[in-house]
Structure formats: structure tokens, C-alpha cells
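What follows is a single structure, written as C-alpha cells, with notes after it.
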Amino acid sequence: FILGETCSALLLFISIMTMFMSGVVAIFEYDLKKIIALSTLSQLGMMMFSISLGLYELAFFHLLTHALFKALLFLCAGILIHGAGNTQDIRSFGGLSLNFPLVTVCMNLANLSLCGVPFLAGFYSKDLIVELACQYSWGIFVLLMMFICLSLTVLYSVRLTYLSFVGPYGGGTSISVCESDYSLVGPVVILSFTSLVSGPILSWLNFPAPVLIFLPVFLKWGALFFVGGSLLVMLSLQGLTYSYKWGAVSKFSGLMWFLPWLTGQGFSMKTLKNA
């Protein structure tokens, strides 16, 4: 490796913990923009995880595909916020698929691509990273954490879709006039098309020769098993995030595992309180 064995191991640990932390925090978050930002942080952790394994070209490939469907996700979120009376709280959404059918389809397409659903843009990069990572001998802990982080991505994506489009009406005001504005909807439709076709196109451009990967059956189906299992878990346990029993966990996650206090916020409050 160019980074060296020690630096690669350190980067591997930091990237795994970054993916895990951002996934757990996103499950208990209600701010739409923060959920998407935490999703971006998780995918950056995936890229650093790929670099720690020496898969630099795959990290760049995932950067390109992620840029397309994440831009689509941010644009759809902006339309929802604008159309829902400038609120970012997903608890005040609910049933927006009736007022925003086109945005619903496009945003769910971006979420599915983020989860790595087959034949969408995110699948071609994420699945290749996961399968090549399974060939490295870092131990069962690294593989298990990688699959758990993939499951967390599905969990907060399904939760976001449920609370925004499928769940009961949250009481906020919504207007559907946004979808008649072509300056808003036009880029969303274009990026939706790129989220469908960019995966194979960029794959052919970045990797002229096909990659053949041999793995045991349980590892080959591992990613699909964890994704499908987490989807079923989130659909069946949707109400857990509202239970009072999760208050301490939700507070701990909402404060980003107290990292702002440990890094700069606590120091700034002590030194700048008299400013």
C-alpha cells in the first residue's frame, strides 16, 4: 500500500467508525438536511474505507456515482422543504407522495441508489467495494462492521421515506405548486436519468476490463441479506424511534456521540464566553 500498513489500518478503523456513527445518528435524526448530510458522511467513510484497502480507483468511482444521486437527493429535499412551508422536520411531513408524486419517485430513486439496490448507480460502486473487501484478511470484525454499516444505510433511508411519503400526515402545510416550476423539476428529472444510467457507463469508462470476483456463497449473498433484513426490520419496528425508552439513546445520537463537545465546542464555550 502507498499509505503503509500502519496508516492503512488506522484509516480503516476511522472510516469504519465514521460509517457506523453517522448511520446510528441518522436513524434518530428528524432534520431532513441533517439526515442527508449524515448520509454523505457515511459515504465519505465508505470511500476512505476503500482507500484504506488500497482500492483507490474504486474510491474515485464511488465518488463519481455518489455525486450524482446525492445531488438528486439534495435537490429533492430542497423542493420538499420549499413546498412544505420551509420546514425541515420530517415529523411534520407525512403523505407528501400525494402532493409531490414526481419528487417522490425521484427521491426514492436516489434513496434506492444510496442503498445499493441492483442496477442503480450506487450498486456498481458499493457492491464492488464490498466484494473486494471480502477478499482481504482483516478479520471477521471488519467484515461484520462493514455489513452493519450497509444495513444502517438502508435503515435511515427507509425511515426517511416512510415518515416523508408513506406515514400519516404530520400536520404541516404543503403546496404542490413546486412541481409546476420547471426550473426546480427539470434538474431533478435529468439527475434521475443519470442515477439510472451513470453506473454502467462510468464502470465501462473506469474499468475497461471486467472484474471477476470469486467468493463463498455466504459472502456473495451477505450484502443482499443484510440489506433485505434491515429493510424488514425497519418496516416492522417503525414506531421504536418514538418510544420514550429510546430517549437517552436519541439524545446521545443527536449530539453526535458528544464529539462536538470533545473536539471544539466545549473548548470554544469556555474560551469565548466573555467575548
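For all residues, glycine too, the Cβ spot is worked out from N, Cα and C.
The domain 'NADH:quinone oxidoreductase/Mrp antiporter transmembrane' feature in TrEMBL is assigned to 5-147.
According to TrEMBL, the transmembrane segment annotation covers 7-28 (among others).
For 34-56 (among others), the entry in TrEMBL reads transmembrane segment.
Residues or ranges marked as transmembrane segment by TrEMBL: 63-82 (among others).
What TrEMBL records for 102-124 (among others) is transmembrane segment.
Among the features that TrEMBL reports, transmembrane segment is placed at 136-158 (among others). Tertiary neighbourhood of the transmembrane segment (136-158): same-chain residues 12, 16, 19-20, 23-24, 26-27, 29, 35, 38-39, 42, 45-46, 49, 53, 111-112, 114-116, 126, 130, 219, 222-223, 226-227, 229-231, 233-235, selected by CB-CB distance under 8 Å and a gap of 6+ residues from either end.
Here the domain 'NADH dehydrogenase subunit 5 C-terminal' (156-273) has a mean pLDDT of 73 out of 100. The domain 'NADH dehydrogenase subunit 5 C-terminal' feature in TrEMBL is assigned to 156-273.
Sequence annotations record features per position, and here TrEMBL assigns transmembrane segment to 184-205 (among others).
Taken from TrEMBL, the feature transmembrane segment applies to 217-237 (among others).
Listed as Cβ neighbours of the transmembrane segment (184-205) (distance under 8 Å, sequence separation of 6 or more from its ends, same chain) are residues 61, 64-65, 68-69, 71-72, 75-76, 79, 82, 102-103, 105-106, 109-110, 113, 119-125, 178. Across the domain 'NADH:quinone oxidoreductase/Mrp antiporter transmembrane' (5-147), the DSSP tally of helix, strand and coil residues reads 111 helix, 2 strand, 30 coil. Nonlocal intrachain contacts for the transmembrane segment (63-82), taken as residues 6+ away from its ends with a CB within less than 8 angstroms of a stretch CB, comprise 32-33, 36, 39-40, 43, 47, 88, 93, 96, 100, 103, 106-107, 109-111, 113-114, 120-122, 124-125, 164, 178-179, 184-185, 187-188, 191-192, 194-195, 198-199, 202, 206. For the transmembrane segment (217-237), same-chain residues at least 6 beyond its ends with a Cβ under 8 Å from one of its own Cβ atoms are 115-117, 127, 130-131, 134, 143, 147-148, 150-152, 154-155, 158-159, 162.
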